[in-house]
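**Q** Pasting a structure below so you can have a look.
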């Protein structure tokens, strides 16, 4: 006995520590930061055949709640998890963990297990008033009791659960991103390396209770070891965290990357209205009831009138101004209406206080346009035809319900003061919509959208005083259609109009080239030198269409009509500026910049699952590089393609005057996502 006492006094023999029955162990303890510790110890699938297997899956999910003040285990959570990748356990796994195949077959998937675990945590938060902290903080108070997770090594939460959630694309709870590595804490506190959990318990004089490699038994023994270390004066602190921390390196790169992200977000949510100008507010204040039905399905393909409208007289001088105003087209793209409609460009004096009908038309046109347009002379939509129909429509002043059926027309006022042709502002070059709300002005339809499919070179225009040679083709209470074959407009000296082939591509915006004057000369409104009679305008009515029509994209369709055998194309008329060979269509796309300013890396999902084979971009910095930190950038390639597609389409729609056929324009409208609804709405004649 004396020898044992001497050996214990010299520290050669350690005596097993026994907690008194009162529950108050002896020894001085530091005040802990965390009032509760949740100890977890997962068991996963394993093999010993020497073959390469996939990552392990959790098959047992245990957790125990330890009170750091009393050392008692107040609550426990336990569930068996059904593996999905390898549902059959190996013999080695069954012998090591003691888990049988029947137990995992009756278990729940990891997703449901995490949901049950979160419910258990939520119940503890309500009963014990605990909360989780990402890192070290102030000690727990009587009101809020801090809690932290404890594991034996970083494998449980840092490797096993982390990568399984990534493979199965499960949302891991945020509070599982920080934990205390008890093995590392043990090594720092006792200054020695433990030989496993059972070896560490033996070194401090605690016998292992239960079965080794049983998840619940390992969690209980780990809690006993943590309590022993707390009694010995160890202060438990967070040792590992997966929460993203902003790096302090390269602040300029971070600022530049942040600005790039903001630009991309602005491009995806284009046409965001932040605050209209004073002139727009004045127009909007008079039409509160018309704002919900102001855009049609072709609101991005034809011109609208804003500001001063062109009168019907003095067309030759106006045509001269148009020819000289095309070089003045602006190509600067913008995404904000405030930037597009500059408040410094005041409207003419004649439009400072427009009438009610003018305000309705102006408000609808200004809403749908993306750049301010002060003059519109001709429709910017090229019909998908080769010949103009040789019929003429005569209408009275109250034929607005019928005219509302036609689209893509030019709106001219019945009477208005002639402007100064020397001070004509430049024409805007964007896709704008035609306003059909003014019921008090004369509407003149120009170049219908659906015309007869014949040779376009035999275009004929009928003078106003040729009604004696006409034969009535169609007559209604509002309009009369005559056959005017053989008549020819004396003032029309335009050459043959040739249209380019329409290639099947979702974006059909093209810029006007030097041949604009020849194109505009074809318009009967500009070629005629006299003012049209508003009661009988020589126009070609288009075939009536249904109010709601679903158009399908035809990849082999072109502008050429199905009845024609040949289609002549003049590349000098319209030149396409859209690159038909998009980089992402060919499989090559420049990787975007990640958050740390580096060029991201393109990877492909190789694991089994719903995203198998998908490509994504992530930070090129590896997670295990000590000198660098990964910024955590991640984006699917499909999402990036959609963002760049929208940005490409918006840039083309704002850089030049867009010409598009009716079929491709509908495809263009369907592919673009605008914040303003481009759904089918009631026509102006049906709103009242």
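Backbone N, Cα and C atoms are what each Cβ position is placed from, and that goes for glycine too.
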**Q** Determine which of 218, 232 appears in Swiss-Prot for the same Mg(2+) 1 site as 41, 43.
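**A** My reading of Swiss-Prot gives 218 as the candidate in that site.
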**Q** The Zn(2+) site in Swiss-Prot lists 594, 596, 631. Which one of 234, 619 belongs there according to the record?
**A** 619
**Q** Name the residue range among 275-305, 306-336, 337-367 that Swiss-Prot annotates as region 'Disordered'.
**A** 337-367
**Q** Under Swiss-Prot, which of the candidate ranges 499-522, 523-546, 547-570 is annotated region 'Disordered'?
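**A** Result: 523-546 is the stretch Swiss-Prot calls region 'Disordered'.
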**Q** Closest to residue 619 (Zn(2+) binding site): which of the binding-site residues 41, 43, 156, 213, going by Cα position?
**A** 156
**Q** Taking just the CA atoms, what is the gap between residue 156 (Mg(2+) 2 binding site) and residue 213 (AMP binding site) in Å?
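**A** Residue 156 (Mg(2+) 2 binding site) to residue 213 (AMP binding site), Cα-Cα distance: 13 Å.
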**Q** Taking DSSP states H, G and I as helix and E and B as strand, how many residues of the zinc finger (594-640) are helix, strand and coil?
**A** 4 helix, 12 strand, 31 coil
**Q** Looking only at DSSP and grouping its letters into three states, which state does residue 156 (Mg(2+) 2 binding site) belong to?
**A** helix
**Q** Could you check which of the binding-site residues 594, 596, 631 is the closest Cα neighbour of residue 43 (AMP binding site)?
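**A** Nearest by Cα distance to residue 43 (AMP binding site): 631.
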**Q** Given the Zn(2+) site residues 594, 596, 619, 631, which other residues of that chain have a Cβ within 8 Å of the mean position of their Cβ atoms, reported in sequence order?
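**A** Here the non-site neighbours turn out to be 595, 597, 598, 600, 620, 621, 630, 632, 633.
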**Q** Relative to the Cβ position of residue 213 (AMP binding site), how many further Cβ atoms are located within 10 Å?
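**A** If we count other Cβ atoms within 10 Å of residue 213 (AMP binding site), we arrive at 17.
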